[in-house]
């Protein structure tokens with residue numbers, strides 16, 4: 001049993017000491033069976049939120065209407081959720097009513113996929129009424145019960161199924177896949193932010209080509225942000241070796257195939273402004289990279305990771321090997337004399353003193369000239385060398401005039 005479970009066992013023991021049931025549930029059990037790294041664990045119990053709050057001294061209400069209480073234990077936080085049953089879903093996402101129950105079996109029945117409907121007690125014994133472990137071993141994504149019902153309850157589950165294809169390198173069970181294809185239109189009931197969140201997780205996966213192919217074939221893409229443009233880009237992307245690319249690199253290659261304003265496209269996905277700025281800067285530099293090799297002047301304005309992302313996408317588009325891109329770009333970057341203007345050994349005040357002129361736009365122009373000269377190793381990055389060079393350059397220009 002991995003450390004996160006061992007650290008949380010005292011929570012289970014204390015709940016059970018009061019006569020209630022308590023189990024580890026959900027994705028952590030799936031990841032345990034897949035030998036994946038587990039960051040945190042979730043706990044399900046027959047105790048109600050009010051009963052949990054009486055058992056533990058330190059709790060926080062985080063979703064008490066849905067049965068979830070945050071239990072603070074040592075330096076950790078654990079989500080403890082009451083077994084529950086859910087009624088009709090009026091908006092294809094949220095249940096009209098949540099009912100607290102005492103049955104683990106009924107709680108597992110409401111979950112999305114068999115691989116996520118497995119519980120484990122404090123001794124490591126599994127409760128697996130829907131053969132989730134078998135599906136994990138077969139690398140199959142299958143809904144708990146009828147797929148049509150699960151997707152009508154929560155249409156986001158269709159995006160989750162495709163995301164798991166990319167994350168886990170699983171395939172979707174035939175009946176689940178058929179229902180997904182039949183009810184893809186339900187995705188239009190889901191908020192953009194939730195669709196984007198699942199898509200980002202898909203982009204971080206290692207089987208992106210397979211997952212994106214399902215988005216296209218099922219028509220789910222028609223109900224994602226910017227459907228026409230997104231469909232066009234994704235159709236292009238799957239003809240390249242994209243599985244190795246990072247999330248930002250995937251966004252960049254998607255943008256590459258866009259014809260409209262890249263910033264507006266990304267904003268429709270509700271991405272943070274900082275990421276929009278990063279990606280649009282990368283796209284401009286990618287266009288430059290298409291026409292020339294890296295030089296001091298093209299590499300200098302970028303951060304190292306930005307240059308790596310650009311080169312990864314450039315080589316992917318050129319169908320070249322991406323082996324050693326990190327090392328190659330890092331070595332080029334490290335050879336830059338300066339990495340930012342802050343490293344330049346002179347500033348505006350130095351120029352004002354040397355030329356005995358008031359501040360003005362000329363300072364920025366002069367610093368740009370000095371910066372380029374230092375980068376191209378025409379002069380050393382020292383105050384004396386720069387002073388001599390810039391004064392001599394100006395005197396020479398005056399003589400010519």
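From the backbone N, Cα and C atoms, a Cβ is placed for every residue, glycine too.
As recorded in TrEMBL, the features of this protein are as follows:
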DOMAIN    22-142  domain 'Poly A polymerase head'
BINDING   27, 30, 111, 154, 157, 160, 163  ATP binding site
BINDING   27, 30, 111, 154, 157, 160, 163  CTP binding site
BINDING   40, 42  Mg(2+) binding site
DOMAIN    170-223  domain 'tRNA nucleotidyltransferase/poly(A) polymerase RNA and SrmB- binding'
DOMAIN    246-389  domain 'CCA-adding enzyme C-terminal'
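Feature annotations (TrEMBL) mapped to structure.
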residue	record	DSSP (3 states)
27	ATP binding site	helix
40	Mg(2+) binding site	coil
111	ATP binding site	coil
154	ATP binding site	coil
160	ATP binding site	helix
Notebook entry, point to check: What binding-site residues among 27, 154, 157, 160, 163 are found with a C-alpha within 10 angstroms of that of residue 42 (Mg(2+) binding site)?
Noted result: 27
Next item on the list: May I have the DSSP-based helix, strand and coil counts for the residues of the domain 'CCA-adding enzyme C-terminal' (246-389)?
Entry: 94 helix, 0 strand, 50 coil
Notebook entry, point to check: When you look at 27, 30, 111, 154, 157, 160, 163, which the record names as binding ATP, what is the longest CA to CA distance in angstrom?
Noted result: 21
Check: Out of 27, 30, 111, 160, which of these binding-site residues is nearest residue 40 (Mg(2+) binding site) by C-alpha distance?
Finding: 27
Checklist line | the domain 'tRNA nucleotidyltransferase/poly(A) polymerase RNA and SrmB- binding' (170-223), counted residue by residue under DSSP: helix, strand, coil | finding: 42 helix, 2 strand, 10 coil
Next item on the list: Average the per-residue pLDDT over the domain 'tRNA nucleotidyltransferase/poly(A) polymerase RNA and SrmB- binding' (170-223) and send me the rounded value.
Entry: 97
Checklist line | Same chain, 6+ residues apart, C-beta under 8 Å of the C-beta of residue 30 (ATP binding site), given in sequence order | finding: 115, 116, 118, 132, 136
